[in-house]
Every structure is written in C-alpha cells, then in structure tokens.
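Undergrad: Found this in TrEMBL, in case it helps:
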| type | residues | note |
| --- | --- | --- |
| TRANSMEM | 80-99 | transmembrane segment |
| DOMAIN | 81-236 | domain 'Sodium/calcium exchanger membrane region' |
| TRANSMEM | 111-133 | transmembrane segment |
| TRANSMEM | 145-168 | transmembrane segment |
| TRANSMEM | 180-203 | transmembrane segment |
| TRANSMEM | 215-234 | transmembrane segment |
| REGION | 243-265 | region 'Disordered' |
| COMPBIAS | 247-265 | compositional bias 'Acidic residues' |
| TRANSMEM | 272-291 | transmembrane segment |
| DOMAIN | 274-414 | domain 'Sodium/calcium exchanger membrane region' |
| TRANSMEM | 297-317 | transmembrane segment |
| TRANSMEM | 338-363 | transmembrane segment |
| TRANSMEM | 369-390 | transmembrane segment |
| TRANSMEM | 397-418 | transmembrane segment |
Amino acid sequence: MGSLEVKSIIEPHDQSTSTSASTNRNMLSMKQFSENCDKKQLWCKVITSLKIALFSNKINLLIPFGPLAMLVDTLTGNHGWVFFLSLLGIIPLAERLGWATEQLAFYTGPTVGGLLNATFGNATELIISMYAMKHGMLRVVQQSLLGSILSNMLLVLGCAFFCGGIFLPKKEQVFDKSNAVMSSGLLLMAVMGLLFPAVLHFTHTELHFGKSELALSRFSSCVMLIAYGAYLFFQLTTQKNSYSPITEEDSPKEDNSDDDDEESPDISKYECVIWLSILTLFISILSEYLVNTIEGASVAMNIPIAFISVILLPIVGNAAEHASAIMFAMKDKLDISLGVAIGSSTQISMFAIPFCVVVGWIMGRPLDLNFQLFETATLFITVLVVAFMLQDGTSNYFKGVMLVFCYLIVAASFFVHIDPLSIQDKP
C-alpha cells in the first residue's frame, strides 16, 4: 500500500514537470519565432530603404564613380582623372542628400522643410569649403561659395523659370513678391559686406595695413550671422506659409487636383536621419579627394582654378537644388522653387560665407570678405539683375532664358580670367 501511495504521489509530480517543460519549450520556440520574424521584417525594411534610396533614380548610376576615383588615386595618382571621377561621384550623392531632406520635410511642415532644403542643399559646398580651408586653399573657399550663389541665382532659377514656362505655356506663373523682395534685400546686404573690404583694399585706405581689412571682415561676418539668425526667427514665427504656393488659395479647382496628387513620404523619419548621416559622410570622403586634386586637375586639363572653383564645383554641389527647383516649377509651385534657389543663395551669402570666416578665425586662417574686384563686381551685377527679374512677381520662359544666358556670360568670363591668388602657399 505504501509503495502504491508513493507512486501515486510521484506520477502527478512527473506529469506537472513534463507539462511545465513542454510549456517552456513552446514559449522559447514562440520567442525564437517572433525574433526571427522581427529580424526578417528589419531586413525587409533595410532592403526596401536601400532600393528606394539607391535604385529609384537613374542619376544613381554615377555612384560607382566615387569608389572608382579612390581606386584610380591609389593605383595611378592621376589628379585629372581623380578630380573628374570624384566630381561625377559627388553628383548623385548631392542629389540624394536633397531627396532625403525632402523626405524629412514631409514630417516638419513647409516652412521648416524649405529651410531644411536650403540647409542640406548647401551641405556639399560647406564640406568642400572646410576641406579647402584645412589645406590652406582660401581662394578656393571664396570662389566656390561665390560660384554657388551665382549658380543658384542664375542657372537654377533660370532653368526653373524656363521649364515652368514651357511646361505651362498658357498660364502666367506668379509668386509672392514680399518674400522675393526680402531675399533680395538680404542679398544686397551680403554684397555690402563683401564690397567694403574689397574697396578698402583697392583704395589703400586701411588704418592698419593688412589688418583693418581682416578685422572689418570678421566684424561684418558676425553682424551677418546675427542678421541671418533674425531672418530665420522671422521666417519661422511670422511668415508661416512663406514656402506655400500662393496660387493654391486662388483657384479651388487646382486645390482639388493638388489634393489628388498629394505626395507622401517614401521612408520614415528615422530613415531620413540615417540616410542624411550616411550621405554626408560619403560626401565628406569624396570632397577630400576633390580638393586634393584641384591644382593637379587644373594643370592636367589646362583649365583655370577660378573656373573650376566658381563654375564646376557649384554645379555639382547644386544638383539637389537644381532638380527640386525645376520639379516644383513644373508643378506650378513657384514659391517653393524661389524658396530653394533664392533661399539657398541667401543662406550661402548670409550664413555660409561669414561662418567660414569665423571658422577660419578660430583655425588661424586669414580668410576675409575681400573676394577681389572681379568677383565682387560679378556678384553685385548678378544680384541687381535677379532683383529686377523678381520685382513684378511673375515669371515666364523668356526670363529663364535671360538668366541662363547671363550665367553663360559669367562662366565664359571666369574661363578667361586669371586669378593670381588662386593657389595659396600652404602653411
């Protein structure tokens, strides 16, 4: 009897133990299954994001030229080819940087989105400028930033006006004159900041020769940075819809069609931030190869450094602005096109240039706002031409043609211009 009782006590205990063991195994298998599902979903998201970012645009076919430039530099050291391949490799990266910024703008609203577009659209120029300053090539810094302003104001805006006028031939495109006038005023203020150090230098009226010009440049740069900060505060608080097309309020029919064609983001907010970081890193790497080979490429291709700095580098850096400004103009959203093109020029003149002067001050580089007489006169005439084009608040394809032709004249001028200060001695 005793053994039967012990048996009856042990058997339920064994059954409960086996039941709990099977339950644990089931829980472990369910956990492993859920982990495998999570991993599969994560890999699916990564693959989808890679497909959208790298294979959704034909211009991405130029991406392999970046690694090819590094390979050619390692094997041959031919500066001409390395410069050319780096230039081609940066074009799709700059365009994708603009794309990632546009995706992020879906989550931030039109005003912040427009400012983000202008900011990251100029990231390529700033990165190139930092590497050039690091290598003591101060004229390349000045000329590349100047060229970016000229490219945005003449080439990018001209192409936007032209494509918008051709694509919508029976409709007069309009934009907000108040924003255009305010941007023109800021650009004229930037011209003033660049003009006075140049006049001081060429009239030999410095109080302390060789020092007053640099001191004035640094003071003016600080003032310009404060003015740009005030402009940003004004844009974000007062001008709520400064990047919204004014034509949307005028015709309800167009509003309905715009709602039907309303776009949605292709990737999530966190993916936008990740892609912005990755693209900025790769642009930084290629920019170093680009800057290191500018002088050698100038000799190999028999092209003046001034032409490379003012024309070639900005065209590459402005690929994102160029594409987005034309796209918005063809959709009859000319205010956004102006926000990208003129907003980018304003940011470079009022933020990027003075920021580089201040960074040079910190690094011990004597970078000033004296861009020399030829470059300053070119910028002054360009700002006047664009201000006159924007004063009536309308655009057409002929205005675009005139702006593009003006850019061709500027490009030809720098091709025949010899700048004795282009190559600086590296300290």
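Even glycines carry a Cβ here, placed using N, Cα and C.
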Undergrad: Given the transmembrane segment (80-99), which of the listed stretches 180-203, 215-234, 297-317, 338-363, 369-390 has the most Cβ pairs that are under 8 Å apart from it?
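TA: Most Cβ pairs under 8 Å with the transmembrane segment (80-99) come from 297-317.
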Undergrad: Mind checking which residues of the chain, 6+ beyond the ends of the transmembrane segment (297-317), have their Cβ under 8 Å from one of its Cβ atoms?
TA: 78-80, 82-84, 87, 90-91, 94, 122, 124-125, 128, 139-140, 143-144, 146-148, 150-152, 155, 290, 375, 410-411, 414-415, 417-419, 422-423
Undergrad: Give me the stretch from 145-168, 215-234, 272-291, 338-363 with the greatest number of Cβ pairs under 8 Å to the transmembrane segment (369-390).
TA: 145-168
Undergrad: On the DSSP side of things, how many residues of the domain 'Sodium/calcium exchanger membrane region' (274-414) fall into helix, strand and coil, could you say?
TA: 118 helix, 2 strand, 21 coil
Undergrad: Are there residues at least six beyond either end of the transmembrane segment (338-363) with Cβ under 8 Å to its Cβ atoms? List them, or say none.
TA: 114-115, 117-119, 121-122, 125-126, 129-130, 133-134, 138, 141, 145, 148-149, 152-153, 156-157, 160, 175, 179-180, 183-184, 186-187, 189-191, 193-194, 217-218, 220-222, 224-225, 227-228, 231, 242-243, 318, 321, 324-325, 328, 369, 386, 390
Undergrad: Short question: which residues 6 or more past the ends of the transmembrane segment (272-291) have a Cβ under 8 Å from it?
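TA: Tertiary neighbours of the transmembrane segment (272-291) are 49, 53, 66, 69-70, 73, 82-83, 86-87, 89-90, 93-94, 96-97, 100-101, 103-104, 107, 120, 123-124, 127-128, 131-132, 135, 137, 140, 265, 313.
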